[in-house]
C-alpha cells in the first residue's frame with residue numbers, strides 16, 4: 001500500500017517542480033551564451049554604442065550652447081540664410097475680408113559654426129536631428145500676416161557635421177491680399193507674401209533666394225482657384241542706418257469661372273432675354289406686368305447673392321454687378337413701356353380725344369411696314385369704301401330717305417358703332433405696333449449689352465492665361 005501512496009505523492013509534486021525549474025531554464029536559455037536569444041542580445045550592443053556616441057555628441061555640442069546668440073565666429077560676420085518656399089495647398093481666398101489662406105513649407109538653410117564635429121570621433125555620425133527650440137534659428141516671419149501668427153511651427157532641424165542646419169517648418173498663413181473684383185468672375189488676382197527677419201538687419205542676417213519659383217510638386221488643387229504663376233524676388237528696405245533684406249513671393253491666381261457661369265451669369269442672361277418676351281404677350285393679358293415684376297425680383301435676389309461674395313467697395317463695380325444693374329434698368333423700362341402699351345390698348349373715343357393725324361400716319365402706315373406687320377389700314381379700307389359707296393345711292397334718293405327715317409336712324413346708329421369700333425381697333429393696333437417695336441429694340445439692346453460686357457473681358461482673360469500657361473510648359 002506504501003508504493004502506490006508514494007507514487008501519488010511524486011505525481012502531485014511534478015507540477016510544482018515544473019513551475020519552479022521551467023522559468024529558470026527559459027531565463028538561462030535566453031541570456032546564456034548558448035541560448036537562442038544570445039545572438040540578439042549581442043546584436044543590440046552596436047546600436048547601444050551608436051546611441052552613446054550620439055548622446056556624447058549632443059552633450060559636447062549643447063553643453064555651452066546659447067541659442068539666443070548668433071552662431072558666428074566674429075561679431076561682424078554675417079549669416080546667410082538660403083530661403084525657399086513650397087506650397088502644399090491654397091486653402092481659401094476670402095474676397096469679402098481680402099485674405100488668402102495657404103499651407104506652406106518654409107525652406108531655410110544656414111551655417112552654424114558652433115555645431116561642427118568630426119564624424120570619426122562620434123562613430124561616423126554625420127547628421128543629427130535637433131528640436132528648433134534648442135538652437136539658434138532666424139526670426140523670419142511673414143510681414144503681411146492677417147491673423148497674428150507670424151512664425152511657422154516648431155519642428156526639428158537637420159544638422160550636418162559641417163554645421164549646415166536645414167529647417168523646413170510647415171505653416172498655415174492668412175495673408176492680406178488686395179482683391180480686385182472688376183472682372184468677377186473672370187478675374188485674376190495678384191497676392192504677395194513678404195518674408196523677412198523681424199529684428200536682424202542685412203549686416204547680421206542676409207536672406208538669399210534659393211529658387212525663383214515656388215515649389216509646387218506637392219500642391220493640392222483648389223476647386224475654385226488655380227495658381228497661374230508663383231515667383232519670388234529679393235528686395236531691400238533701407239532706413240537711416242541699416243538695410244533690411246526681404247523675399248517677396250507673388251502668386252498670380254485665376255478664378256475658375258465655370259460654377260459662377262452656370263449658376264449666376266447664365267440665369268441672369270436668361271432673365272434678361274425673358275424680359276424681351278414680355279412684349280410678345282398680347283396687351284390684353286394681365287400677366288405682362290406680373291412677368292416683368294417677377295424678373296425684377298429675381299434680379300434683386302441675384303444682386304443680394306453677389307453682394308455677399310464681393311467686398312464692399314466703392315472703388316470698383318464688378319462686371320456681373322454692372323450687368324445686373326443694366327438688366328434691372330432694362331426690366332424697369334420694360335415695365336414702364338408695358339404700362340404705356342396697356343394704356344394705349346384700352347383707349348377708345350369715349351375716353352380719349354380723336355387720334356392725331358401724325359400718330360395715325362406713323363403708327364398705322366409707316367411703322368407696320370418697317371416691322372413686317374400687316375397694315376391695319378388695309379384690313380378696314382375695303383369696309384370703309386363699301387360704306388362710302390353705299391352712302392351715294394342713299395343720298396341721291398331724298399324722297400325715299402324722308403319716308404324711311406327709321407331706317408336712316410338705324411343706319412346712322414350702326415355706322416356710329418362701326419366708327420367707334422374702328423377707333424378702338426386702331427388703338428389696339430397701335431399697342432401691337434408698340435409691342436413689336438419694343439420687342440426688337442429690347443432684343444437688340446439685350447444682345448449688344450451682353451456681348452459688349454462679357455466678350456471683351458473673356459477675350460482679355462483668355463489672352464492673359466494662354467501665354468502664361470505656354471511659358472510654364474516651356475519651363
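Quick reminder: no glycine exception, Cβ is built from N, Cα and C everywhere.
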Checklist entry - For which of the residue intervals 226-246, 289-309, 352-372, 373-393 does Swiss-Prot record transmembrane segment? => result 289-309
Checklist outcome for this item: Taking the transmembrane segment (289-309) as reference, the highest number of CB pairs under 8 angstroms among 262-282, 324-344, 438-458 goes to 324-344
Checklist entry - What same-chain residues lie close to the transmembrane segment (438-458): Cβ under 8 Å, and 6 or more beyond its ends? => result 183, 186, 265, 269, 272-273, 275-276, 279-280, 319, 322-323, 326, 330, 334, 337, 341, 371
Next on the checklist: Between 177, 191, 241, 242, which of the disulfide-bonded residues has its C-beta surrounded by the fewest other C-beta atoms within 10 Å?
Outcome noted: 241
Checklist entry - How does the model score the topological domain 'Extracellular' (459-475) in terms of mean pLDDT? => result 54
Next on the checklist: For residue 242 (disulfide bond), which of the three DSSP-derived states applies: helix, strand, or coil?
Outcome noted: coil
Checklist entry - Cα distance, residue 190 (N-linked glycosylation site) to residue 236 (N-linked glycosylation site), nearest Å? => result 21
Checklist entry - Just the number: how many Å between the Cα atoms of residue 241 (disulfide bond) and residue 190 (N-linked glycosylation site)? => result 32
